[in-house]
Amino acid sequence: MSIPTPYEDLLRDVMANGTHKSDRTGTGTRSVFGRQLRFDLAESFPLITTKRVHFKSVAVELLWFLRGDSNVKWMQDQGVSIWDEWADADGELGPVYGVQWRSWPTPDGGHIDQISELMTNLAANPDSRRHIVSAWNVSELKDMALPPCHAFFQFYVADGKLSCQLYQRSADTFLGVPFNIASYALLTRMVAQQLGLEPGEFVWTGGDVHVYDNHVDQVAEQLSREPYEYPQLKILRKPDSIFDYTLDDFEVVDYRHHPTIKAPIAV
């Protein structure tokens with residue numbers, strides 16, 4: 001029985017069908033528009049195996065988002081530097097993901113904690129079609145070091161299972177997408193546990209789905225590799241709140257992967 005390879009198939013799609021486009025960074029891309037991947041979180045945890053994905057960085061970044069933080073110092077203290085290229089001299093990034101998730105400003109000077117409201121509403125009214133969190137705050141985009149690439153996500157409850165769909169407006173398919181898939185799969189598992197639900201699907205939807213011109217050789221190397229089965233994720237503790245998880249609460253089991261493939265980041 002062959003191993004499903006939705007992510008690798010997406011890479012092949014971009015390489016075969018992508019249109020060459022210029023971009024903000026000046027690097028150049030091959031790009032397609034409007035793609036979707038699905039992952040069954042009840043079966044496994046979608047950590048890509050054709051190269052190593054650094055799970056610690058995935059988890060630390062997600063916990064940082066949930067803190068509502070805008071400064072890279074907390075991540076640096078955990079040994080994670082993935083946002084350093086965009087931070088200013090003081091480590092500030094402006095009102096990026098976590099700020100919007102936890103402290104979306106209102107016209108009267110208040111703030112909305114979208115994650116707290118999400119958890120409350122999922123518990124009280126699981127069949128609602130409004131279980132949505134947005135990081136795309138048009139009025140604050142100019143103040144962000146980097147406008148949100150993964151901009152908008154929605155949860156869905158059916159038959160005791162929690163599913164999540166992410167809309168990613170800009171998808172760096174080689175470097176970013178494996179990370180984003182793992183991050184939102186992890187978030188879905190965490191939210192499901194807090195609500196006493198089983199994990200359902202994670203659905204990834206991409207807008208401008210691209211491979212940078214300086215990643216083409218790396219993609220070719222990755223696609224030459226045979227995939228392994230996805231690992232399992234164990235969550236070792238159920239804290240009192242979605243905001244109380246720590247890195248030690250997560251254990252990835254049976255993660256068999258090919259070596260890391262390094263590539264430059266387009267800043």
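In case you wondered, yes, glycine gets a Cβ from its N, Cα and C as well.
Using a 10 Å Cβ-Cβ cutoff, Tyr212 (dUMP binding site) registers 23 neighbours. What Swiss-Prot lists as dUMP binding site is Arg24, Arg129, Arg130, Arg169, Ser170, Ala171, Asp172, Asn180, His210, Val211, Tyr212, and the listing cites sequence analysis.
Per Swiss-Prot, the feature (6R)-5,10-methylene-5,6,7,8-tetrahydrofolate binding site maps to His54, Asp172, Ala266; the stated evidence is sequence analysis. Non-local neighbourhood of Asp172 (dUMP binding site): Cys149, His210, Tyr212, Ala266, each in the same chain, at least six residues away, with C-beta under 8 Å from its C-beta. In three-state terms derived from DSSP, Asp172 (dUMP binding site) belongs to an extended strand segment.
Taken from Swiss-Prot, the feature active site, nucleophile applies to Cys149, supported by sequence analysis. A coil conformation is recorded for Cys149 (active site, nucleophile) in the three-state DSSP classification, outside any helix or strand.
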In Å, rounded, how far does the Cα of Arg24 (dUMP binding site) sit from the Cα of His54 ((6R)-5,10-methylene-5,6,7,8-tetrahydrofolate binding site)?
27
Secondary structure at Arg24 (dUMP binding site), reduced by DSSP to three states:
coil
Mind giving me a neighbour count for Arg24 (dUMP binding site)? Other Cβ atoms within 10 Å of its Cβ, every protein chain shown.
10
